[in-house]
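S.K.: Below is one structure. I have some questions about it.
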Amino acid sequence: MGPKAKKSGSKKKRITKADRLKQLQEEEEKRQKEEEEARVKYEKEEMERLDIQRTEKEKLRKLEAKDLERRNEELEELYLLEACFPEAEKLKRDSRLLSQWKHYIQCDGSPDPSISQEINTFISLWKEETNETFEAVTTKSKLVLNLIEKLKLILLETPSYDLQEKNIIQYQGSILELQELLHLKFNIATEILLRQASTLADLDSGNMEKVIRDENVTLYVWANLKKNPRYRSIRFSETQIGFEIPRILATSDIALRLLHTHYDHVTPLGPVPTAPQEHTSTVTYFGKDEVKSVEAAVSKDLQEEYNEQENESNAVHEEETKVDEQGGIEGQTSSVQEEPEATKYELEMKLLSETVSAAQLLLLENAPEKPYFSEENEVDLCQFTALGGVHHLDILELPPQCKPRKGWMIVEILKEGLQKYTYPPETAEDFETENAFPPIEVMLEVHENVIFFENPVVARWDAEGKHWKTDGISNVSYKSEDRLITFSLETLGPVTLIQDAHVNMPYQSWELRPLDVNKVLLTVTTVFTEIQIQIKENLCMLASIKLNDKKHSSILEEKWMTPVSFIIALKEAGLNIFPTGHSHFYVVINYKLPLVEVKAYRQMALLSSAFAFGWSVEYSVREHLPKEEPIQNPNWTLLMFSGDRAQSLKINEYSDAFSEALKEETEFHSTLYHMVKDFASKEAMKKVRCSNCQFVDSVCHMLLSTRLLSYS
């Protein structure tokens with residue numbers, strides 16, 4: 001055998017049991033040391049945390065105690081400042097009375113719509129007028145529409161506690177009577193016009209076509225005189241409006257009428273919000289009696305006090321002359337008369353303040369139940385709104401035509417008046433084919449002053465059910481560039497275009513910023529638009545509109561209106577940023593306690609002369625004096641307000657998470673007003689205290705109407 005090969009490499013050292021035990025012991029000691037260090041560190045951190053927490057709690061306790069200590073003082077100061085709301089309401093009442101007086105002394109022949117005798121006389125006299133042309137009726141309609149608008153404004157502007165049930169019934173009854181009479185007059189005028197169809201016939205077609213335009217009404221009428229079966233496409237001159245009629249109508253003795261009323265007298269009147277009965281009776285009846293009883297009690301107390309003083313005076317000073325006694329009586333009597341007057345005024349303002357607060361709270365009341373509809377395809381008027389007026393589409397029987405006889409015009413007048421042509425007929429036994437009565441195609445132009453953010457939906461009026469429905473309408477197409485909508489109807493009748501009332505809710509952001517003394521700019525940004533509203537004194541104005549970041553012109557711009565009239569005008573233009581009591585069923589909102597929300601809006605209005613408020617992520621405020629240059633990146637202070645306590649938050653709008661932590665070097669306050677006052681300049685607070693009461697009331701009304709805090 002050969003020699004053995006040598007083993008390569010060094011021999012591996014073997015770990016003994018003692019070494020292993022030593023290693024494990026070292027690791028255990030190291031672990032215990034680390035655990036001890038971690039425990040000590042944790043205890044130290046915990047002690048520091050508890051110490052900080054204890055310090056913070058003590059600090060918060062002191063701040064809460066300080067807030068509680070001055071709470072009554074702050075609430076009293078706020079109560080004095082909020083006296084502007086009853087003062088503004090008193091001015092509104094005086095303005096309404098002055099308006100009635102001015103109308104009375106004007107003697108222009110127009111009735112006062114709030115007085116039933118005058119409006120009933122007006123209606124009776126107009127009913128007696130006959131043979132009015134369409135032009136004459138459109139002229140008279142201006143007065144009628146003005147009366148209807150006045151009655152609607154009375155119902156909306158008069159506080160709920162001042163409206164009695166009998167007044168509401170009277171005003172709504174007058175509105176309905178005027179609406180029905182106006183439409184009747186348009187029907188009679190149309191009949192008079194159609195009697196002359198043969199004399200107004202077009203030389204080319206042989207049929208009569210007439211278009212009468214007015215600011216409130218447009219009439220399109222076509223009379224089928226030739227009955228040419230090939231003449232089935234009707235277009236009114238210089239418009240894209242018209243009809244495509246089936247052969248059976250092209251050969252019938254009919255007339256087609258499209259009466260476009262730029263107002264809506266078809267949709268039923270909405271309910272008028274009323275205050276709870278107990279509160280109303282307290283205000284309207286108890287108030288005056290209470291004032292009188294308090295006045296009498298005060299007078300009695302003062303008189304007794306005076307008698308006691310006189311008795312003491314007589315016992316001590318018997319030597320005084322009668323002249324001195326008479327002088328004392330005169331002075332005391334003067335104070336007896338002055339003090340009850342002051343007490344009466346204070347009590348009146350206190351009652352008015354309570355009722356104004358109740359009325360403001362009523363504006364934020366959410367309906368407890370969603371409306372229920374028994375019929376399919378019925379339009380929910382809480383979710384949708386009709387825009388652009390009503391298009392009354394009618395097929396009419398052509399009345400007997402005027403015939404010339406020896407220099408006279410002879411015409412047969414039908415006793416039953418203007419008659420509608422039934423299409424399709426109720427009995428169709430003579431017609432074998434199923435498609436003998438196809439739908440009628442209609443082309444309409446969308447009103448130029450109305451904005452549709454989505455394609456409009458066509459709705460027809462169901463006269464039986466007294467509501468709008470979306471069935472019986474087919475082949476709807478909308479050309480937004482031409483503002484032309486085409487659709488087919490199984491039977492003609494009143495139609496309207498509807499849009500989701502909450503298309504601009506919830507808001508993406510908003511800002512309320514001072515512009516000048518007693519003048520602010522409210523900017524509301526939604527998915528589709530940016531609306532800017534100026535508010536000054538007791539008036540509002542649409543400053544600008546942006547659609548898709550482009551400025552859009554509107555007929556409402558630069559027109560100052562009262563808040564209620566302004567809100568109505570914006571809604572009618574399709575710019576609805578005013579939630580109703582049912583809106584929370586259709587929009588995802590930030591639920592707020594109504595009382596807290598009212599308090600916030602009232603105090604924001606008080607501060608709006610010198611402070612800007614906004615919402616993009618959180619509710620924030622900053623001082624903004626009107627003469628200041630615009631700041632590129634303004635420093636906003638984030639606020640939290642619970643109704644009883646206001647505080648500045650430590651976080652900012654870019655913080656990742658929400659925290660209620662109090663901002664350093666700030667305190668708790670019982671009101672939003674005093675919270676803002678903490679970091680305000682003297683100049684800013686001077687402007688706040690000098691604010692006009694009507695201006696503050698208007699800003700508050702707009703905030704209550706838009707409900708910015710809940711619908712953002």
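Just so it is clear, glycine is given a Cβ too, placed from its N, Cα and C backbone atoms.
According to TrEMBL, the record shows the following:
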type: COMPBIAS; residues: 1-15; note: compositional bias 'Basic residues'
type: COMPBIAS; residues: 16-39; note: compositional bias 'Basic and acidic residues'
type: COMPBIAS; residues: 315-325; note: compositional bias 'Basic and acidic residues'
type: DOMAIN; residues: 30-230; note: domain 'IC97/Casc1 N-terminal'
type: REGION; residues: 1-39; note: region 'Disordered'
type: REGION; residues: 303-341; note: region 'Disordered'
S.K.: Given a Cβ distance threshold of under 8 angstroms, which distant residues of the chain, six or more beyond its ends, lie next to the compositional bias 'Basic and acidic residues' (16-39)?
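M.R.: Same-chain contacts beyond the flanks: none.
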S.K.: So how many of the residues in the compositional bias 'Basic and acidic residues' (16-39) end up helix, strand or coil by DSSP?
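M.R.: When I sort the residues of the compositional bias 'Basic and acidic residues' (16-39) into the three classes, I find 23 helix, 0 strand, 1 coil.
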S.K.: Express the predicted model's confidence over the domain 'IC97/Casc1 N-terminal' (30-230) as a mean pLDDT, rounded to an integer.
M.R.: 89
